[in-house]
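A.B. asks: Got a structure for you, questions after.
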Amino acid sequence: AAPPVSAGRGERRGRRPWPGLPPGRGILFNTGAGQHILKNPLVVNSIIEKAALRRTDVILEVGPGTGNLTVKMLEKVKKVIACEIDPRLVGELQKRVQGMSLANKLEIRVGDVLKTDLPFFDACVANLPYQISSPFVFKLLLHRPFFRCAILMFQREFALRLVAKPGTKLYCRLSINTQLLARVDHLMKVGKNNFRPPPKVESSVVRIEPKNPPPPVNFQEWDGLVRIAFVRKNKTLSAAFKSSAVEQLLDHNYRIHCSLHNTKIPENFKIAEKIQAVLENTGYSEKRARSMDIDDFISLLHGFNAEGIHFS
């Protein structure tokens, strides 16, 4: 699979074409946009095996590139919907399946997957463009109806952040937000030499399975709280909430809340004092985001919301 890019035409002259292209043809991959073709058939087969594809599945693939992963999936599923932004690679993929009995099982959508509505699908299998990793993960996890699972190739460090646990070095807002909405498992490491051209970083394959039903949390509220806490994840929450920008935001939201509920605000009201009271009453005043888990943040969010303080 390959990451997408909008680029001009380019041909490789006098050099061997990349694997996965028709004989005699080559294409200039835009590595600046993350176009790296997964060339090792053993890795392709391993990804497909871990996806546990079913004959009735509709599969979403993002960045199919020259179709190394696509063609293998077409043999096993009902339909593959491939999203690709680079018209050159769309042309190569169409040529590759032309005349194949499986061609009618492939639907190609040309465009930016982040700017379009996702179709219905059972599973997502992709060698993602690394620069869209984070926005695409959350687009997936907030997508409805629910899908079964996603098997995705990421840059190694991004993958390790997805699965990081509280108290570890890589634990961050990405970790806790993803783990709130899904079960995440690191499946395997993939070395840079499995791609052509090889990227500068190592890669990993991750399995993401959305929690269904989802946790009973307003995600915008949740993310607003977590964003504040993880700006400086090693600071105490008491210190993190002393930022003037944070106080202004929460004061604004609190006044809207009181207006909607016909609650009178005292003349000497200070949002900073109310915030500190919530932190102390919930027991999180001296805690640090780096060591707090999902249950801690749910408890803290409920503490704030009960006092009329909202984050979105």
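Numbering starts at 1 and runs along the chain as it is shown here.
Backbone N, Cα and C atoms are what each Cβ position is placed from, and that goes for glycine too.
Curation does not apply to TrEMBL; its annotations are automatic.
What TrEMBL shows for this protein is this:
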REGION    1-23  region 'Disordered'
BINDING   His36, Leu38, Gly63, Glu84, Asp112, Asn127  S-adenosyl-L-methionine binding site
DOMAIN    43-212  domain 'Ribosomal RNA adenine methylase transferase N-terminal'
A.B. asks: Average pLDDT across the domain 'Ribosomal RNA adenine methylase transferase N-terminal' (43-212)?
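C.D. replies: Here the mean pLDDT over the domain 'Ribosomal RNA adenine methylase transferase N-terminal' (43-212) amounts to 96.
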A.B. asks: Which is it, of Glu84, Asp112: the one of these binding-site residues whose Cβ has the most other Cβ atoms within 10 Å?
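C.D. replies: Most Cβ neighbours within 10 Å: Glu84.
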A.B. asks: Could you tally the C-beta atoms, other than its own, that fall within 10 angstroms of the C-beta of Gly63 (S-adenosyl-L-methionine binding site)?
C.D. replies: 30
